[in-house]
Amino acid sequence: MNVLLWVIVPYLCLAVFVVGHAWRYRYDKFGWTTRSSQLYEDRLLRLGSPLFHFGMLGVIGGHVIGLLVPRSWTAAVGIDDHLYHYAAVGGGLVAGVMTLVGMTILIYRRRTVGPVFSATTPMDKVMYAFLGAAIVLGMWNTIAGSVFSLGGEYNYREGVSVWYRSFLALQPDADLMAQAPIGFKLHALVAFGLFALWPFTRLVHVFSAPLGYLTRPYIVYRSRDDRPLGNAAPRRGWDQVGR
Amino acid sequence: MRVMAQMAMVMNLDKCIGCHTCSVTCKQAWTNRTGTEYVWFNNVETRPGLGYPRTYEDQEEWQGGWVRKPNGRLALRAGGRWKKLLTIFSNPKLPSIEDYYEPWTYDYETLTNSPQTDTFPVARPKSLISGKDMNVEWSANWDDDLGGSHEHAARDVMLKGIEDKVKLEFEQTFMFYLPRICEHCLNPSCAASCPSGAIYKRSEDGIVLVDQDRCRGWRMCVSGCPYKKVYFNHKTGKAEKCTFCYPRVEVGIPTVCSETCVGRLRYIGLMLYDADRVLEAASTEDEHGLYEAQRNVFLDPRDPEVERAALAAGIEPDWLEAAKRSPVLRLITDYQVALPLHPEYRTMPMVWYIPPLSPVVDVVQETGHDAEDRGNLFAAIDALRIPVEYLANLFTAGDVEPVDGVLKKLAAMRSYMRDINLGRDPDESIPAAVGMTGEQMYEMFRLLAIAKYAERYVIPSAHAEQAHALEELATDCAVDFDAAGSYYDQALLGEGAGYPTPVAVENFRMLQDRQTSDTLAAPDDKATRVNLLNWDGKGAPEGLFPPQRDRGGA
């Protein structure tokens, strides 16, 4: 059971994540967009979207530090557990609350503003369920586990993080996860579910964060494509996009 | 010198009757889809008026285009790269659907399904955005023909500075139509605003396009374009804009809006320009100098030195020939009667306009004076400051002098041609008064008034010979089966093999036949014309059916 949950399922999800993105990029570049609904509604979006996105950037940054940086490294540069704990909980709470509030506004907007709701696909709804669950569980772990110490002390840097690094190093240690509190287990499972869904949702826009804009020249010149004059060659369903 | 070619357009506003045919045909051709209901690649605005989207010219509000910073460098008015990325999650300057209009349809079903009643059933307007009942309160040309202008027109941004005069003389109000498409700028701020780099300027013909496979829907182009001619397709989540009908232009036929223009007021041709000097010209300090600066960026293809540089830059000889014959070149450079729309946005727009003389002519006519007399018209142009200042706000960043010059040239042309049409001796002092020769003036008249299709549209087709050779290496036929269309020939493998004949090519051949024949009926000699009255129905007389290759008779 442990092997299934903490070895097989995660690798499966990761495989779907990687292969799914490659497939989507090759065959559906046209569908690769943020699918913005700002044209329909601006007031709530102006508040909710930056809150959510900037909060999310903080959350992602926190996860990178928490999961990928071993305890020994931070100890080596003189950050003791106490200090780390305060920084992590403080930063995590700020980013988490921003994300949660932003997401609440965005979901409220999506449900109540007619045009936005009718532009919502079933895939969006499934994705929102996973994303929302992952965020709520993550917040619960931070608040219940780290602030109020419900269910005993648990240092994820000795458990979940080590497992995650072993997972990335392709030598997964399932036992480490099996000992983690239920909140962390659920959070990890939901997150892996989200990763598996990722390539098939609008979340792909994360990977087109336009950082190249900072360095490219303002005006882009391009030559006419090599294709028959007058119109595009009819594209067959199995043809790759942008040959 | 880095010579580049640009497909450009000039519209003669005096001939626009505001029929919206260009808008409608363009819409039918390109934006007749869900998600683009509110998108008008081509729209016709009544001026004075608010335009589409409403008050799009108010750059204090919308922050489109470029500004010159105190250090002389150009910057996007809405902010540079970092600001764009920091505001990417919610574009602060995106027009909402209300600034355009909420597109709608009518519930026609109630008309046919209605039971018999005492009153007529009504087809209610239904929003195409929310699907609910709605009140129609605005549209793409709500203030058409000054409709409701007593309420709205005062908000016309271009009336800034002359509001008092307009109110004074509103009884003798002036009005004209302004058809607008994408300007295909030399220094496009939409492309500069695109975080993904999806908007590009084609190096061959300067057409500005959105790569639909690279657009990620960040919407910065919509706010970056000061003309608000990039639209957001709310179904696909991608930006779309006027394509200068590139599939048509590539095979040598004009854009849909030009092709269908009832007043035949559009001219299409090539302009050569020096790409190295664009930025410098766009950074000209004095806004009034921008029109002149842009004209100086253009190169004269008849200059042997330019010709050499153009060939060296890879511009094909037939394109160079087309550039020499370009009607746009004549109107912009030779006669200097065409002006750019809003040069003060510093994007170096490439759809230019001949400002309308008709508001002036109308006023002179109403006073009972001779509206074709040079003296009367010149005096009226000087006296009627409103039309001139308004036009200057549109076309020369407020500089009255060039507009004045153009209107006087048009007025002089009226007087000069009247003498010729009435069989009197032409008065050479008239063209001399506006710095032209009689011959030039006559040529300008020909181009503006009676130019034929081939003179109005000088469009060289794109060069795809090499691309074709590379692509079709294995299947290419050594023997030309059909001189007219060997590439699309299907004789070897049967019908349906190879590529289908592109619709544009088919259209092109049909149109070319129709338009190059100067008679109503073709073939025009009686011997080959089919007389249906005495055709007995047997056999297929020549010319009755289009030729069919393999079937052997009808």
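One-based numbering along the chain as shown.
Even glycines carry a Cβ here, placed using N, Cα and C.
Unlike curated entries, TrEMBL annotations are predicted automatically.
Copied from TrEMBL, the annotated features are:
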type     : residues  : note
DOMAIN   : A:2-224   : domain 'NarG-like'
TRANSMEM : A:6-23    : transmembrane segment
TRANSMEM : A:44-66   : transmembrane segment
TRANSMEM : A:86-108  : transmembrane segment
TRANSMEM : A:128-148 : transmembrane segment
TRANSMEM : A:186-214 : transmembrane segment
Across the domain 'NarG-like' (A:2-224), average pLDDT on the 0 to 100 scale: 90
Within-chain partners of the transmembrane segment (A:128-148) [C-beta distance under 8 Å, separation at least 6 from its ends]: 59, 85, 88-89, 92-93, 96-97, 99-100, 103, 107, 110, 154, 156, 181, 183-184, 186-187, 190-191, 193-194, 197
Stretch among A:6-23, A:86-108, A:186-214 sharing the most Cβ pairs under 8 Å with the transmembrane segment (A:44-66): A:86-108
